[in-house]
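Student: Sharing a structure here in C-alpha cells format.
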Amino acid sequence: MTVILERRESESLWGRFCNWITSTENRLYIGWFGVLMIPTLLTATSVFIIAFIAAPPVDIDGIREPVSGSLLYGNNIISGAIIPTSAAIGLHFYPIWEAASVDEWLYNGGPYELIVLHFLLGVACYMGREWELSFRLGMRPWIAVAYSAPVAAAAAVFLIYPIGQGSFSDGMPLGISGTFNFMIVFQAEHNILMHPFHMLGVAGVFGGSLFSAMHGSLVTSSLIRETTENESANAGYRFGQEEETYNIVAAHGYFGRLIFQYASFNNSRSLHFFLAAWPVVGIWFTALGISTMAFNLNGFNFNQSVVDSQGRVINTWADIINRANLGMEVMHERNAHNFPLDLAAVEAPSING
C-alpha cells in the first residue's frame, strides 16, 4: 500500500511539473521547447560575453598566425569578435574534452563552435516555443513561420556555409568588423551581388522597411480622435477596446489618391499578411542563396561578355565588379595563399622541350 501511494505522489509531482511547463498563466511561457532553449541560449550568451572580453588569439587559418579578437587583447567594440574555429579543426566536432588542454582549445577557436551550435539550437527552440504558445492559446501558427526567416539566415551563415566550404573557419565571425569581413570575402569568392536570390533578399529587407514606414505613418495620420486638442491622441486608446483606433477608409482614400486606387489595400487582413510575407519571403531566398553558394553555385558571371566587331572587350559594370572581387580576394588570407583562387585555378600552359 505504501508503494502505491509513493507512485501516485511521484506521478502527481511529474504532472504538476508538466502543468507548470505548459501553463499559459506564467509571466513568461516556458514550454517544452523552452526546456532546451533556456540552457542553450544561456550557455551561448555566457560564453560569448566571456570570450569577447578575454579569449586569447585564435589560429583561424591553421598556419600558426593567431588573430586577436577579444577586448583584453587590444580590440574595441567595433573591431572585437569571436574568431571562428581554426581551419586545422575543419568540420570536426571540437568540444573542450577533445583538446589536450583548455589552452589548446582556446588557441584553436573552440568557443566559436560552442557558441554557434548552442545558439542555433536555442533559436530553433525559440521558434518551436512560438508555435507551442500559439497552439496553447488557440492562435494561428504564422508567428513561428515568420521567425523561420532569420533562423534560416543564421543557419546559412553559421552552419550550412561552413559545411559547404569544409571548415568552421569559413563561418561568419561574431563581431561587427568580422561580419563586414565575412561579407567582403563572400562577395570576392561567390559574387553574391550578382545572385538573384540575394537581390530578392535586398528587395525584401528594404521593401519591408518601406512598407512598414508607410503603414505606420498612414495609421498614425488617420487616428480617430478621442481626446481634446490639449491631450495626446495616443491617450484616446484603451487596451482591448472594441472600436477601431484608426480610419482605414481614410487611409485607403489618401493612398489611393496619392498613387492610384488599386495600390492601396482595402482589407486590413490582407494588408498585414502582405507586410509579414514580403520581408519573410525575401530573407528565405537570401538564406537559400547563401546555402547554394556554400557549395560554390555562385552569382552570375558576365565578365567580358560585351565585345566589339574586332573582338575587343568593352568593359561593363560586371567587369568592374570582377576587378574589385579579385582585389578583395588577393588581400584575403594573404599569408595562406600565394594567388587568388580564380588565378590559381587557371590551367598551367604546357612546356615543350
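Residue numbers in this text run from 1 along the chain shown.
Any Cβ shown, glycine's included, is placed from N, Cα and C.
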Student: Could you tell me which of the ranges 29-46, 173-190, 245-262, 317-334 is annotated in Swiss-Prot as transmembrane segment?
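Tutor: Here Swiss-Prot associates transmembrane segment with the stretch 29-46.
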Student: Please identify the range among 87-108, 197-218 that Swiss-Prot labels transmembrane segment.
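Tutor: So the range that Swiss-Prot calls transmembrane segment is 197-218.
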Student: Indicate the candidate from H118, H215 with the smallest number of other Cβ atoms within 10 Å of its Cβ, considering only these binding-site residues.
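Tutor: Sparsest of the binding-site residues H118, H215 by Cβ contacts within 10 Å: H215.
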Student: In whole Å, how far does the CA atom of S264 (quinone binding site) lie from that of H118 (chlorophyll a ChlzD1 binding site)?
Tutor: 44
Student: Quick check for the class: what is the C-alpha distance, in angstrom and rounded, between H118 (chlorophyll a ChlzD1 binding site) and F265 (quinone binding site)?
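Tutor: So the Cα of F265 (quinone binding site) lies 42 Å away from that of H118 (chlorophyll a ChlzD1 binding site).
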